[in-house]
């Protein structure tokens with residue numbers, strides 16, 4: 001499985017997930033109202049949302065773009 005690690009104006013950085021990590025995730029963490037920090041990567045299980053974060057998980061290549 002290949003997941004997106006970073007997305008910027010310079011392009012997309014991907015990572016090949018190690019064995020046992022069969023999900024890609026994308027997390028939005030609110031810094032201040034209207035401003036979010038996005039985190040992407042591989043995971044074995046879908047992370048649990050904390051502090052009003054929004055998390056999406058998926059299981060196909062680059063699905064967390």
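Every residue, even glycine, has its Cβ placed from backbone N, Cα and C.
Copied over from Swiss-Prot:
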type	residues	note
DISULFID	3-24	disulfide bond
DISULFID	17-42	disulfide bond
DISULFID	46-57	disulfide bond
DISULFID	58-63	disulfide bond
Exercise for the section: Just name the winner among 17, 24, 42, 46 (the disulfide-bonded residues) by count of other CB atoms within 10 A of its CB. Expected result: 24
Fill in the blank from the handout: Across all protein chains shown, the disulfide-bonded residues 3, 57, 58, 63 give the max Cβ-within-10 Å count at 3
Exercise for the section: Determine, from DSSP, whether residue 63 (disulfide bond) sits in helix, strand or coil. Expected result: coil
Exercise for the section: Whole-number Å only: compute the distance from the Cα of residue 42 (disulfide bond) to the Cα of residue 63 (disulfide bond). Expected result: 11
Exercise for the section: Calculate the distance in Å between the alpha carbons (Cα) of residue 46 (disulfide bond) and residue 24 (disulfide bond), and round it to a whole number. Expected result: 8
Completion exercise
Rounded Cα distance, in Å, between residue 17 (disulfide bond) and residue 3 (disulfide bond) is 7
Exercise for the section: List the Cα distance (Å, whole number) between residue 57 (disulfide bond) and residue 24 (disulfide bond). Expected result: 6
Completion exercise
According to DSSP, residue 46 (disulfide bond) sits in coil
Practice task
May I ask you to report the DSSP-based helix, strand or coil state of residue 17 (disulfide bond)?
Solution key: coil
